[in-house]
């Protein structure tokens, strides 16, 4: 049963007061991959992860991690998973070294082994210089790194990362992404929650979109994107007079609705792939060529990915779970 | 994908700019064998070590086990000494063991507050996902607190000796008294871990703790012999765990062997651990 499946849930429910934070979630996470739980704040992502990490008891349904029930066999599950919570899951009063040595000791390492392992990890995570500083003096990116380092003191079979890059600057975010890739390359399964489509896109091979405690879509990145359209074309014209004409050209070229932005020279069109086999970039290129042929001067032309907002609007519009 | 970009400069510190090294990290992740899980004692002691590290980094938290006990000894000795026993030096022979018991039992109250503030932090989620003996984090707390109680005891005994306390039981009697006090305080503290997990805010923990601790410590034989109290109060005071403990510590330090009161104190200790320890662990697992 555990063969190739890291996490399996059936009808998982958690109720807080009258709020069904997780409302019947079915997931199947293949081992050895990064699986993204994508959703806005309050969607139930963290609650779901907490149940899988044995921190909360499900009210209904069940969940298995590598075939072990998270309630009945909680201790076995704990031996195979690590959790990096949304807020630093390390002791802010202690130094980086102290945190790692403490946890290494709790995982059964002798004192010298705990010290060695901690020093090696701090070094690999670029934290050697900050090793003897209290974590509360770390920057956001450094906290995230020490937190992940703490999670891989013993290489876990399954690593939970709850919004690992929320609040980080782009550089620190890229570093965290590199770390996640390195961890997965060595065979660890990663269950990642995020509110950024971009992050799920960069890291995850499969994604479940969660809203109001339910999975509203599930699939590979390609499947999800195809289901919501590939993105939007943002155009800025030199002459506002030409905007109505540009709108007509784009509507025809992209077979899509065009929105006129508040800015009098800007307009946006969705590239939805309907009625054509062309990719988003090809369609956009064709649209640009059409604009030029119609004698419209374009100052700026950009193809953007669908934002999480757009994915959500598209998915929730359709109502009912697609998975 | 190497990200060894050491040439960048910025406003952050040098350490912040050191990038993680994926290759090195990869090497650390493979071929690693998991050591056997630590035993219950080892895990608890490790959490006790965490408490020591916290004292090292935030030494101000020792204020309540140094300044507060000194204040208690001086205040009550000079306030009641003349009136209750005729002189300060006569009263302190009676009072010091009692005020020691009272102060340390009062200090145990802070355990609830620290559990309450700590449990809200992310680090507790990590502890709770570790494959270790479940009560270890709580036991570790209390072991760390025992060190605090030991410091308080040493401080108070020193002040007492300076102002005229002369225990007939000598070093052995004093140490036995302190040992009994520490065992009782460790066991009694499970009430606070329970409240720390049960109540929602630090303030409510503090409020409830005061309601428990004041009657329990004042309605005892710490200050005066209960013989002058009304009958109903005597009934309460004579059966209070704090009275048994105060009597046992007082007599141990006076060089006697109060078998019955020692037995009562230890009996109460077992009861506290059995009841409140169990409730604490239930709350801890249910969170």
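Each residue, glycine too, has its Cβ placed from N, Cα and C.
Matching B:171-192, B:237-258 against TrEMBL, the residues noted as transmembrane segment span B:171-192. The transmembrane segment (B:262-284) shares more Cβ pairs under 8 Å with B:171-192 than with any other stretch in the list B:62-85, B:91-113, B:146-165, B:171-192, B:204-224. Same-chain residues lying 6 or more positions outside the transmembrane segment (B:204-224) and placing a CB less than 8 Å from one of its CB atoms are 76, 80, 84, 95, 98-99, 101-102, 105-106, 109, 112-113, 116, 191-192, 195-196, 233, 236-238, 240-243, 246-247. Outside the transmembrane segment (B:146-165), and at least 6 residues removed from its termini, the chain residues within Cβ reach (under 8 Å) are 48, 51-52, 55, 62, 65-66, 68-70, 72-74, 77, 88-89, 92-93, 96, 99-100, 103-104, 107-108, 174, 178, 181-182, 185-186. Through the fold, the transmembrane segment (B:62-85) approaches residues 55, 91-92, 94-96, 99-100, 102-104, 107, 110, 148-149, 151-152, 155-156, 159-160, 163, 223-224 of its own chain, all at least 6 residues removed from its boundaries and within a Cβ separation under 8 Å.
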